[in-house]
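A short worksheet on the structure shown next.
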């Protein structure tokens with residue numbers, strides 16, 4: 001269909017609304033939305049499959065705005081296309097509790113926001129995850145005549161995204177995997193916050209992406225050449241064996257007196273500039289938030305076409321249910337966020353006297369038990385598979401079929417040495433649909449991916465980080481690899497569950513929690529060294545986040561441990577009795593966040609009034625005062641040496657723990673009433 005005046009009117013409307021939205025809020029970035037208006041119009045009016053009345057239609061094309069500076073564009077398009085985004089919502093841009101926060105978020109399911117992208121580069125990584133999700137889901141569920149998964153992922157990204165390291169990590173893997181359903185549109189306006197990109201960025205992006213294995217297309221005039229924009233989109237969608245980068249050359253702030261400069265990047269237009277822009281685009285400068293009726297009508301026709309497409313899809317899906325009932329039932333179960341009936345019965349159980357085993361190995365045993373019965377579990381590792389033990393028996397690799405080393409139906413992803421990229425990609429996998437992603441690395445390297453971990457928590461995404469080699473217990477690799485401070489960071493983060501299991505039953509409980517908390521990510525910190533199976537440790541007890549492992553009604557002190565230090569606390573009980581004539585009780589607290597979900601009366605039964613409590617953990621002690629009176633932890637980085645040598649050096653021995661427990665008792669023995677830290681007012 002040829003382009004006409006209505007197309008230009010729609011594009012100018014997008015630009016004018018972008019100006020009004022940011023001017024009204026006195027905050028925001030109008031430049032990128034004004035420059036990307038033509039590409040957005042072409043994409044949504046000619047290319048993408050979507051349905052505002054069914055925003056989570058299974059086979060919709062996915063749209064990711066990696067360039068957060070263009071966030072207004074997403075809200076404007078949601079309004080024009082008929083999503084539940086009113087003019088009043090646009091007027092509330094960046095207000096508390098509005099549908100239009102500073103960057104798109106996933107808090108409103110009625111909008112065309114697949115995932116919050118946030119910091120630059122996160123969006124393209126999530127887009128790679130969405131593309132992997134489509135490739136895998138199609139390989140598993142599609143059958144001849146039934147293309148259940150047949151969508152593309154489109155991602156707008158800017159110069160800033162291309163400079164962030166995470167975009168390189170994710171894009172490199174996308175090229176290796178030959179993700180032909182991924183289309184990245186580079187908003188090449190040569191402007192960042194500091195100024196022109198020549199200040200810091202002059203690499204040949206096209207050659208870089210060509211080296212990654214991407215198809216490269218170019219649109220020389222992204223400001224007005226709609227035919228070339230459409231041609232590039234269609235050529236990109238047609239390419240099935242490579243992801244595509246479209247080099248779209250645009251003018252930031254097109255139409256503004258400051259167009260093409262960083263001045264139009266991060267601040268609303270000046271009033272006189274906004275007036276002249278509206279005049280230029282044919283709008284009344286005395287009015288705001290104007291949308292001609294014919295623009296609404298134009299977009300509505302496209303929406304009607306897509307509704308008809310979904311109606312045909314729904315009919316095909318109903319036939320699929322009859323032709324392939326097992327696959328259909330499995331898919332419906334997963335999409336409704338239900339786990340298989342009785343899956344938890346497969347969790348391994350242990351009893352005292354069973355062999356001592358490292359929790360990373362116990363994690364592998366859980367995965368061996370669960371992955372065959374939970375087909376939506378899709379795992380991987382950032383090149384540490386033999387160390388993380390994340391590949392279950394019988395797993396097949398996710399690879400392009402041409403490699404002969406796997407297929408798209410495979411459920412194990414070789415992320416390579418790309419920790420941040422892995423975490424960002426898993427965010428896309430988590431929101432695609434029929435996938436629960438997990439990924440392995442050393443706990444120390446989860447810090448590399450912290451930006452993406454934070455986005456998972458913000459997005460309410462069920463992502464599982466299998467983080468092995470925790471703290472000084474990994475020994476010989478030295479302090480560069482010993483993450484004594486990492487959990488303090490993640491425990492401070494909202495909406496994330498940080499698990500540090502002490503034995504087999506607690507490891508099983510950690511997976512039980514991670515899989516059933518379907519709106520939160522989880523980190524499992526696991527040991528390299530062997531740990532004994534503990535008396536009174538059960539999945540049920542550990543699933544409360546904290547419990548009494550060893551009770552003593554005559555106790556003078558409560559020892560609270562996590563992970564490898566729980567068994568140490570049990571040994572210290574004997575030393576306290578023999579050398580100091582003191583009694584102790586022991587609490588295991590594998591997950592603070594789950595413990596916080598218990599009633600106060602339960603928490604007080606675990607860490608009661610009347611006696612002092614002391615934590616024992618080979619991490620930073622930061623944060624422990626919410627549970628204990630004294631904290632025994634690391635106050636420095638670690639050192640090279642065996643685990644045994646380091647535990648002795650830092651006095652994490654039965655004698656060292658007992659000595660500090662005795663001092664804790666002495667400090668509080670004359671206190672009339674010892675109040676438990678868990679008894680607090682909020």
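Cβ atoms here come from the backbone N, Cα and C positions, even for glycine.
The active site, proton donor annotation in TrEMBL covers 419. Here TrEMBL flags 29, 265, 360, 387, 469, 477, 481, 528 as substrate binding site. Here TrEMBL flags 69, 118, 119, 120, 160, 189, 265, 445 as thiamine diphosphate binding site. TrEMBL lists 159, 189, 191 with the feature Mg(2+) binding site. Taken from TrEMBL, the feature domain 'Transketolase-like pyrimidine-binding' covers 357-533. Summarising the annotation, TrEMBL assigns site 'Important for catalytic activity' to 29, 265.
The sparsest Cβ neighbourhood within 10 Å, among the listed binding-site residues (265, 469, 481), is found at 481. Counting every protein chain shown, the number of other Cβ atoms lying within 10 Å of the Cβ of residue 360 (substrate binding site) is 24.
Neighbours of residue 118 (thiamine diphosphate binding site), defined as other CB atoms within 10 A of its CB across all chains, total 22. You'll find the Cα of residue 528 (substrate binding site) roughly 43 Å from the Cα of residue 69 (thiamine diphosphate binding site). Cβ atoms within 8 Å of the centroid of the Cβ atoms of 159, 189, 191 (the Mg(2+) site) belong to the same-chain residues 158, 160, 187, 188, 190, 192, 196, 197, 252, 265, site residues excluded. The binding-site residues shown are 159, 265, 387, 445, 481; of these, the one with its CA atom nearest the CA of the residue listed as 'active site, proton donor' is 445. Using a 10 Å Cα-Cα cut-off from residue 29 (substrate binding site), the binding-site residues that qualify among 69, 160, 191 are 69.
Across the residues of the domain 'Transketolase-like pyrimidine-binding' (357-533), the predicted structure has a mean pLDDT of 97. For residue 159 (Mg(2+) binding site), the same-chain residues lying six or more positions away in sequence with a CB closer than 8 A to its CB are 186, 187, 188, 189, 190, 191, 192, 197, 201. Listed in sequence order, the residues of the same chain lying 6 or more apart from residue 119 (thiamine diphosphate binding site) and placing their CB within less than 8 Å of its CB are 68, 164, 451, 455. Between the C-alpha atoms of residue 69 (thiamine diphosphate binding site) and residue 387 (substrate binding site), the distance comes to 39 Å.
Counting in whole angstrom, residue 481 (substrate binding site) lies 28 from residue 118 (thiamine diphosphate binding site) by their C-alpha atoms. There are 28 other CB atoms within 10 A of the CB of the residue listed as 'active site, proton donor', with all protein chains counted. Checked against residue 120 (thiamine diphosphate binding site) by C-alpha proximity, the binding-site residues 265, 360, 477 yield 265 as the nearest. In sequence order, 360, 442, 468, 469 make up the list of same-chain residues 6 or more apart from residue 387 (substrate binding site) whose Cβ falls under 8 Å from its Cβ. Binding of substrate is attributed in the record to 29, 265, 360, 387, 469, 477, 481, 528, and the widest Cα separation among these residues amounts to 49 Å. The number of other CB atoms found within 10 A of the CB of residue 120 (thiamine diphosphate binding site), across every protein chain shown, is 23.
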